[in-house]
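Scroll down for the structure; my scribbles are underneath it.
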Amino acid sequence: MTQIISNISSLDPLLVAQAGVGDRITNLVNGNLGSSALGVIKAIVILVLGLIVASIVKGLIKKLLNSTDIDNRIASAISGQRGGDAIPIEDWISSLFYWLVVLFAVVAFLNALQLDAVSAPLNTLLSQITGFIPKILGAAFLLGIAWVVATIVKTLVTTALGALNIEQRLGLDAGSSNDFSLTDTLGNALYWFIFLLFLPAVLNALQLNGTLEPIQEMLNEILAMLPNVLGAVIIGAVFWFIATIVRRIVANLLAATGVDNIGRKFGLGRGGSGQSLSSIIGTVVFVLILIPGIISALEQLQISAISEPATDMLNQVLDLMPKIFAAGVVLAFFYVAGQFVSDFVTNILTNFGFNNLLQWLGLSPSDADLPTPGEALTDDSIELGLGSEQPTMIQTGPVVAAKTPSELVGLLCLVGIMLIATLTAVDILGIPALQEVVSVILAIAAQVLIGVIVFAIGLYLANLAHNLILASGATQAGLLAQSARIAILVLVGAMALNRIGIAPNIVNLAFGLILGGIAVAIALAFGLGGREVAKEELRSWVNSFKGK
């Protein structure tokens, strides 16, 4: 139509006015209309054929993709989805090719209609797409190679580690409920690391230079650090294997020598529960060997922000190990010595009759009420009854091992020796704050012990005075004996509390008030009770003065 109009407009108006020109215009219009109709028909045919070809291509590609599972595996690996949640990769790829062919058909349709103004942008778009297709194919080819290499490496690594039973050798229970698996973790790490190595080549094939440069720099840094990381892993693994082997050797050797029997005396591994002494010593040896390995591995990494503080901390721990060992030896030696002293003191005091201490202090009526050393309180019933009433059965509590006074003194000796040993061990460790705390505890314990001894002596003297006054047979001997006992107990109680250091000012004030109150009470008693006697005496004195 545009050609017809242009041909008509090109005619000279003077020629149109001449005879016969009308016929020429009619012939020209008929010829152009015929050619334009053929062009439209041709364009429609091209568009229809393009749609048909696009549908055929879509069906073929979808059928081809459905016949293989590689595309689904790649898509699942990239997206991380499995099973029914996997992305429909066949529909996406077939639709992409369909619309690409349709776009070519539309461009051919517009060119057949000679609509260059509309087809020019589409031609530019198609040129860019067709120019980018080789790049995409190259990147896809590189990704395919990366996938093949990564899959092979992952399979080899997991198979080799599984054959070596690396998890069992490292003490990891692969059959536990935990989903962590060292073999799968290493395989997956190498799998994705190979993809990372191929990533710069893929981006270069796509000519994405803006994205390529930072990734290339990151990869260069990773590759530069990789030898250090590999060296650190090797060093750590070597020390781990050595420490594990030495721990097993030490634990088995100590178990064979009967060290666990000594540990059971301290409550270690008793009844089959908990760790035995041999296993604890093996673990300590394991840690002592592993600490230098960790220090060497951190130094191999050459990351000062991580290695320097961690290395300093481990060096401090390593320097503290000899002190801890010496402190442990001191505690063990003092414990053995304390046990010997405790048994010795218990036997000596028992032979001297110290178990009668409660009777001496007036707290027990006879020796029959005292258990023999090591005797346990039975779970028998106790009968209580008054007069003719039926006795009441009272069930005692659970069986409790009773200790005699001699055993208690022996235990106190052991506690005192262990407190001194603790102070010595803390001094060896060189921890001033802990040393001060132990010193304060030891001083308080000594004050409490002296206070208890003072009160025990006072209790003995109070009972002795009570018995002597009762034995004298004097008038009101019971009242005087009880008064003497109370006075002595108040005195020694104040002395004991003052020695222990429990509010000495308050204790002194209370003792003074009590003593003053007793003195005032006695004075008032004598004063009020002797009024008549004093009255008679004063009257006799007055009468005698008057007689003179």
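Glycine is no exception: its Cβ is also placed from the backbone N, Cα and C atoms.
The feature transmembrane segment is assigned by TrEMBL to 40-61 (among others).
Residues annotated as transmembrane segment in TrEMBL: 96-115 (among others). Cβ atoms under 8 Å from those of the transmembrane segment (96-115) belong to residues 39-40, 42-44, 46-47, 49-51, 53-55, 57-58, 61, 122-123, 125-126, 129 of the same chain, restricted to positions at least 6 beyond its ends.
Counting only same-chain residues 6+ beyond the ends of the transmembrane segment (136-157), those with a CB under 8 A from a CB of the stretch are 74, 77, 183, 186-188, 190-192, 194-195, 197-198, 201-202, 205-206. The transmembrane segment annotation in TrEMBL covers 136-157 (among others).
Below 8 angstroms of C-beta separation, residues 135-136, 138-139, 142-143, 145-147, 149-151, 153-154, 157, 216, 219, 222 of the same chain, each at least six residues beyond the ends of the transmembrane segment (189-210), sit close to that stretch. Marked as transmembrane segment by TrEMBL: 189-210 (among others).
TrEMBL lists 222-243 (among others) with the feature transmembrane segment. Residues 170, 196, 285-287, 289-290, 292-294, 296-298, 300-302 of the same chain lie 6 or more positions beyond the ends of the transmembrane segment (222-243) yet place their CB under 8 Å from a CB of it.
Residues or ranges marked as transmembrane segment in TrEMBL: 277-299 (among others). Panel annotation: around the transmembrane segment (277-299), residues 232-233, 235-236, 238-240, 242-244, 246-248, 250-252, 254-255, 259-260, 262-263, 266, 268-269, 306-307, 310-311, 314-315, 317-318, 321 of the same chain, lying at least six beyond its termini, place a Cβ under 8 Å from a Cβ of the stretch.
Sequence-remote contacts of a segment are chain residues at least 6 beyond its ends whose Cβ falls under 8 Å from one of its Cβ atoms, and for the transmembrane segment (320-341) they are 288, 410, 413-414, 417-418, 420-422, 424-426, 428-430. As annotated by TrEMBL, transmembrane segment applies to 320-341 (among others).
If you look up TrEMBL, you'll see 408-430 (among others) marked as transmembrane segment. Here the transmembrane segment (408-430) has long-range neighbours at 320, 323-324, 326-328, 330-331, 333-335, 337-339, 341-343, 345-346, 349, 354, 438-439, 441-442, 445, 449, meaning same-chain residues at least 6 beyond its ends whose C-beta is under 8 angstroms from one of its own.
Marked as transmembrane segment by TrEMBL: 437-462 (among others).
According to TrEMBL, the transmembrane segment annotation covers 468-494 (among others). Outside the transmembrane segment (468-494), and at least 6 residues removed from its termini, the chain residues within Cβ reach (under 8 Å) are 454-455, 457-459, 461-462, 507-508, 510-511, 514, 518.
Taken from TrEMBL, the feature transmembrane segment covers 506-528 (among others).
Outside the transmembrane segment (437-462) by six or more residues, the chain places 357, 360-362, 412, 415-416, 419-420, 422-423, 426, 484-486, 488-489, 491-493, 495-497, 499-501 with a CB less than 8 A from a CB of the stretch.
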